[in-house]
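Here is what TrEMBL says about this protein:
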- 49-67: transmembrane segment (TRANSMEM)
- 74-96: transmembrane segment (TRANSMEM)
- 132-150: transmembrane segment (TRANSMEM)
- 162-182: transmembrane segment (TRANSMEM)
- 188-207: transmembrane segment (TRANSMEM)
Amino acid sequence: MTASRHASTMIYAGIVASLLTMAFHPTGSSVLADAEAGGGNVIACGTHLLALLAQPLLLTAMGILSWRLRDRPALAGLGFASYALSAFAIIIAAAMSGLVAPRLAEILVEVAAADKPGVMQQWYLSHTYNQVFAQISVIFTGVAILSWSAAMRTAGAFPRGLATFGLVIGAIGTFGALFNLLPLDIHRYGLIVLVQSIWMVGVAVTLRKDGA
């Protein structure tokens, strides 16, 4: 199996993991309710672990994409560097939402009433970190898609429609998140992940054909 086919497989696996995370992503109130019921927040932890596991797969695949676009080194390099920053931001956001928040919810159930306000303050702070790093991830993923799509415009192996689609969604994601035009609640963030995944599927299909 060639590097391109390996990258295609990793993209598919990463996309499935990311979409499962968004599909089963619990709300903050459900995390608190599960902690009160002694449930252990298995869904919250499990879905976000999927998101964490997706990052090395997608980052490796995007590294291969960047190598495939090496004839445009500046754009390919900028795309990979931006995506690496996005992956780091996703790891922080997922850790806050899937690991830190459930633990704080458990502590909130266990502590005395006098200590609950302090724990709740930490709870809201973890939510803020999650939102900020999610926003950062959207910005840098947008920059990455913009850079790669610009490189694809002159790379014969990639469909022109895929490059154009990437330029559009990359610009919308980057500037929408940068200027707070895209409020990132769970539904809007899920929609952004879905749209970006469609572009990545196009990349995966092209890489698989290239490596056949």
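Placement of Cβ uses the backbone N, Cα and C atoms for every residue, glycine included.
Take the transmembrane segment (162-182) and the stretches 49-67, 74-96, 132-150, 188-207: counting Cβ pairs under 8 Å, 132-150 has the most. Remote same-chain partners of the transmembrane segment (188-207), defined as residues 6 or more beyond its termini with a Cβ less than 8 Å from a stretch Cβ, comprise 4-5, 7-8, 11-12, 14-15, 18-19, 22-23, 25, 58, 61, 64-65, 68, 134, 138, 141, 145, 148, 157-159, 162, 165-166, 169, 173, 182. Outside the transmembrane segment (49-67), and at least 6 residues removed from its termini, the chain residues within Cβ reach (under 8 Å) are 3-4, 6-8, 10-11, 13-15, 17-18, 20-21, 76-77, 79-80, 83-84, 87, 90-91, 94-95, 98, 144, 148, 200, 203-204, 207.
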